[in-house]
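Quick notes on the structure that follows.
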């Protein structure tokens, strides 16, 4: 290799002293040279264990759990004979069971990770080695290798494109695995390597690339190729990234720059984080508290033992001698302490953790089995990919969503157009009025055109009539659409055309032209062939003036067969209308009215124009263009000036309006989730113009948004990287369009007050814009009488939102470069305060890393559960960072699904996942934990009270078998049934009343306060459980006059009372009775009595005389009426206060679920009337807008000017009751832990451009 003069002869250090790579140097076909830099191989590893490390690493991880360590400690204590009063098997069996179940689950998960890794690593690739193409596994590919890819193959590593089968080194790729988009994108080799088309030339290629180190920026790449004493700049346009698929290109060759973990795909995957729910974290804290409480009880009883032995026990040494080795009362107390630790450890039995895992597993199966979350079209069920986060689904406060492929279908449909001042697309009935959706006639018949796309539908036959009548303006209109694009055509068989478009907008426009008789048939680098009404015409393609986000337009210059040179241009109305010839003024006014009409319906609009060029002028302009294209410096600026020169004084043809479809059910889902006080943030890689479709998804907006500067709304793209795709956004959203789409999707409401747009390019600009937004919100709040002081709020704790109690609803739109400044350490709190005060937030043109940073920011400062949902590899970091990650499965790749905790095929299923499965899981887990702690404190504390009456001797009240079976047999199944099947309201009511979701967000059903109430009730029960039988037995006699009191009779009475009381209690706690609940509760009681009588039977005594000594005790004891009266009295005294309290609470301060159940009872009596009310409840005041839902009748409601505000009548039913404000009161008390933005305001709608 010849080293150019610009390159140093001795390489500088490529790794920083700390080991981080500063720059990468790669030489083609030189493995030995590249290996000295120790670059990563192409082998990937996502698994955690291997055969050798699994057991020690997994056990180490499991004993990170406080509970597992706690039970291991108890097991060790039970192995010491001097202090153990219980057999060791009571602890070791359940501990080993828990460890085994967890280990099997972890091993299974890791096995599938190994399987996935092996599948990827063993894929075959053609590698050029020694001048010969050899089949190599992906894992054996090295940096510096040259790889051959063939059509429809995955890219094995991050490659520098060297050459391809297409002219000029072009190739086409699909990036669904990276960004979720199925649109084709184009990449091009640099000219100097595009001629290296055979293996002999490539084998001699010894160029050297110096480029940036590995990073996660999908849209940027910077480097230089040094070859033959020249250097050539490299950009992202020259790169093929791992995870892409080669399309419509027979073959291509690429040089491996980054491999394996260094590829951008793997750099964006992020670390796999172990996710735990807030209940898990709270349980660990409570276990520590309980252990502290256990130690305190042990100390008290140990001190009592020492005092008793010193004062009383010493007098009975003859027949109650101390154990061997015990020589003092103090040491006896010390041993007694450990004995009581073992006896009282059942306050937190290990069966708690087994039961929790079983319940979570059941909830996961319910999600997997839910037919209402099954997508028949894709044959894809919902899948719970983890079993540890189900209850957290009932506590979500923030949803972070991708747009493309998640909210949208990324499908564009040609809907309307304006040609020469005439609007087409509206369907009129016989009376001349605009027809409603349900009244539409049959679509236009395109059977005259054998090349028409049968899937295309258009409803206005007058446009086709104009084509057939030879209207020159209409012909020129469709001729422009068939020529001005970058679509690729593939004809698999005669007349069967398949269009591959980089933008779905382009595909929709070219398909429309195709159906109306102007069929784009094929193209070469220099020609375009179009069939115009059956006649094949080939145009010479002279130039393509590419789209970018600054130009907001695209043009082509073509020469017709007659020799006429014409420029065709399409672009944003704000750009093209000012470039028209003055003679177009009248036509411009009419077309502008049509554009406003289309925007009001939520359609994406484009303006079309043309210009005839003189031969002489074109030759001169073309020469100047060639010189500018070859310029070494300021190339982009020179080209931009030339483009701008030729794109002036154009003639207006008309405008197009495209419908951008959301996924089915998105508007309803967003509306209901918003009513559940869940805030939805859209984090999208699209530029701001497209992200405002997220407005279309209902995330922000205002009726009076016309005050916004449309050009400012598009300013986000002005720092568009060189990799910006030509044609990637040929549809433009005006602010009016975005707002109307927002209304259609329910992210915008009529109550919204302001929309803040942050587009600053510097730190100071962003800070000022955020400050203005906060001040505006504060001023509005003061004007409404809040009396809020800005300074007062600033002096509060770390992140007590300045705007926490403001009135009104707001939205924030911020772009990528502004967000980069907003996420800096000194501004992140200001940004978060402003954003959290808004009902909707849209972050557009953000990188995958920024998505994760935004999620992490909310997690860091807000004690709120976050959920991230996406469908592409660019969403993986966000999905892994959030508390809960949801992947949308479908045609956009599987990277997001593989990284997710839950997956399904459509965004609308998120509503059911959260409001039904999530809320039920949280409710069930909370009720389970409350009852579990209650029953175990009631069970265990009896030993504590008994200690004061048995000389603190660590004697148990119950026999050893009852202690072992209490949590395994007698009380385990009823609480499991409640934890798996319980409901407070049916699923329909959960969806109809979203406010029922809020207790989970506020963590009301199980917290430290609820925990103390449970243990207080348990202690109260234990006191009555011990002292009532103790008092009765003190003077009671049997039927034959003998003394009733003896140890075993007392134990049977207390144990029977306990089992009955806790069974009655779980009956009171159960809100939804099934046959399983009945069977488990009454079956457990029957099992208790069966086992009790069996253990006191003659047959067991004869088989095991040393174990079952008390023959007939249970039968004799339970035969006494006094015992049953004692049990009945104990049960009534324990249960009646609970019943009385719940009755008074239900009557005086009912919860929302109580109100809903009451409403449900009323509805059963008025079923017919209720159905009518529900239909009325789905409509309200709404201006006509674009209908995104594709459910039958939904679009008709919107087009008829009616609202679809969900369950408004139902909500008013219970919000009018006295309990309506209790959650709001608690929310205000939550302080910095909450993040509400106040109630909707009735103030006049405004929009602020900050």
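Cβ from N, Cα, C; glycine included.
The domain 'P-type ATPase N-terminal' annotation in TrEMBL covers 26-92. Looking at the domain 'P-type ATPase N-terminal' (26-92) alone, the prediction's average pLDDT is 83.
The transmembrane segment feature in TrEMBL is assigned to 86-104 (among others).
Annotation comment: TrEMBL describes 286-308 (among others) as transmembrane segment.
According to TrEMBL, the transmembrane segment annotation covers 328-354 (among others). Residues 67-68, 70-71, 74, 77-78, 80, 82-86, 91, 94-95, 97-98, 101, 287, 290-291, 293-295, 297-299, 301-307, 309-310, 313-314, 322, 932-933, 936-937, 939-940, 943-944, 947, 952-954, 956, 963, 966-968, 972 of the same chain sit 6 or more residues outside the transmembrane segment (328-354) yet have a Cβ under 8 Å from a Cβ within it.
Residue 402 (active site, 4-aspartylphosphate intermediate): 30 other CB atoms within 10 A of its CB, across all protein chains. For 402, the entry in TrEMBL reads active site, 4-aspartylphosphate intermediate.
Per TrEMBL, ATP binding site is recorded for 402, 403, 404, 506, 547, 570, 604, 684, 685, 686, 845, 851, 874, 875.
According to TrEMBL, the Mg(2+) binding site annotation covers 402, 404, 871, 875. When other Cβ atoms within 10 Å of the Cβ of residue 871 (Mg(2+) binding site) are tallied across all protein chains shown, the result is 35.
The domain 'P-type ATPase C-terminal' annotation in TrEMBL covers 897-1150.
According to TrEMBL, the transmembrane segment annotation covers 928-949 (among others).
Under 8 Å from some Cβ of the transmembrane segment (961-981) lie the Cβ atoms of residues 86-87, 89-90, 94, 346, 349, 351, 355, 358-359, 362-363, 924-925, 927-928, 931-932, 935-936, 939, 1051, 1055, 1059, 1062-1063, 1066, 1069-1070, 1072, 1074, 1076-1077, 1080-1081, 1083-1084, 1087-1088, 1091, 1095, all in the same chain and six or more residues away from its ends. Taken from TrEMBL, the feature transmembrane segment covers 961-981 (among others).
Positions annotated as transmembrane segment by TrEMBL: 1011-1030 (among others).
Annotation comment: TrEMBL describes 1050-1068 (among others) as transmembrane segment.
Per TrEMBL, transmembrane segment is recorded for 1075-1095 (among others). For the transmembrane segment (1075-1095), the list of distant contacts is 959, 961, 965, 969-974, 976-978, 981, 1052, 1055-1056, 1059-1060, 1063, 1066-1067, 1108, 1114-1115: same-chain residues at least six beyond its ends, Cβ to Cβ under 8 Å.
Annotation source TrEMBL lists transmembrane segment at 1123-1144 (among others).
For 1228-1250, the entry in TrEMBL reads region 'Disordered'.
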Query: Cβ under 8 Å to the transmembrane segment (286-308), counting only same-chain residues 6 or more beyond its ends: which ones?
result: 66-67, 70, 329-330, 332-334, 336-338, 340-341, 344-345, 347-348, 944, 947-948, 951-954, 1008, 1011
- request: Mind giving me a neighbour count for residue 875 (Mg(2+) binding site)? Other Cβ atoms within 10 Å of its Cβ, every protein chain shown.
  value: 36
Packing count at residue 845 (ATP binding site) (other Cβ atoms within 10 Å of its Cβ): 27
Query: What Cα-Cα separation, expressed in whole Å, is found between residue 402 (active site, 4-aspartylphosphate intermediate) and residue 845 (ATP binding site)?
result: 11
- prompt: Reported as an integer number of Å, what is the Cα distance between residue 845 (ATP binding site) and residue 875 (Mg(2+) binding site)?
  reply: 13
Message: For a three-state summary based on DSSP, what are the helix, strand and coil counts in the domain 'P-type ATPase N-terminal' (26-92)?
response: 31 helix, 2 strand, 34 coil
Largest tally of Cβ atoms lying within 10 Å of a Cβ, found at which of the binding-site residues 547, 604, 874: 874
Whole-number Å value for how far residue 547 (ATP binding site) lies from residue 871 (Mg(2+) binding site) (Cα to Cα): 27
